[in-house]
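Copied from Swiss-Prot, the annotated features are:
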BINDING   63, 113, 157, 164, 188, 240, 258  substrate binding site
């Protein structure tokens, strides 16, 4: 497969669409990123790297961090994790509180904010600094020791985290928080503020294409069954309440973030990451979704 030429074709075709949408502005630091930025990378299961545009520019991974936080929590608890967070699509916005009342403080899945807060609570219970543990995990997955979180973005998020605090306190009232809500929200905002590039995120997700083993180090991250299950959750819940449309158009398990990144995996073949910060109405990168749709169209590769 000539991924290099396909990426260049996607980049050329995408030019009229760059900047379409709106950069996230409820986190002020994110609003400063140029809306027409674009990068895309593919890392194959054999370790080959293909890139186009600003594929080596680091950006705020935001909700993509939920995938890797969930991986760590799954390592720690196994299936016991699902006693505290569900595995169903929510059908509501990623920061909605609506279902928490009727479902007694158990979030629908680990990729909406409420579910990610429960996952972060698990990590805070296990690690002195959950966000540091996640940063170290990302460094191990990629071999890049300079990966870290952006303290300015973390502070910006903390100043505007009222809804996340409300969710954490609400779940605590149902007994689904073991650590103080403020500690959990602080760690959550810092993990969302991790900065990585398209190449680095594709490398990090590669274990999902390789039966749970990170090709960079040979480390087993998850057993084969757990890697399959985590990929299934990405497919059904990874792109907010647009997951059905995303699967229809793209046909790959993926996790998106309001920083404009989307990471996607094709088991046994490759991991891809695209970044373009202008978002559609669901909080997914508008150009990013289109780029991944064209990737599976031009290559003829998807899980279906």
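Note that Cβ sites are derived from N, Cα and C of the backbone, with glycine treated the same way.
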For residue 188 (substrate binding site): DSSP state (helix, strand, coil): helix
Binding-site residues (188, 240), the one with most neighbouring Cβ atoms at 10 Å: 188
CB contacts for residue 63 (substrate binding site) [other CB atoms within 10 A, all chains]: 23
Reduced DSSP assignment, residue 157 (substrate binding site): helix
Site extent for substrate (largest Cα pair distance over 63, 113, 157, 164, 188, 240, 258, Å): 19
Nonlocal neighbours by CB distance (under 8 Å) for residue 258 (substrate binding site), same chain, sequence gap 6 or more: 24, 27, 30, 62, 63, 279, 283
Cβ neighbour count (within 10 Å, all chains shown) around residue 157 (substrate binding site): 25
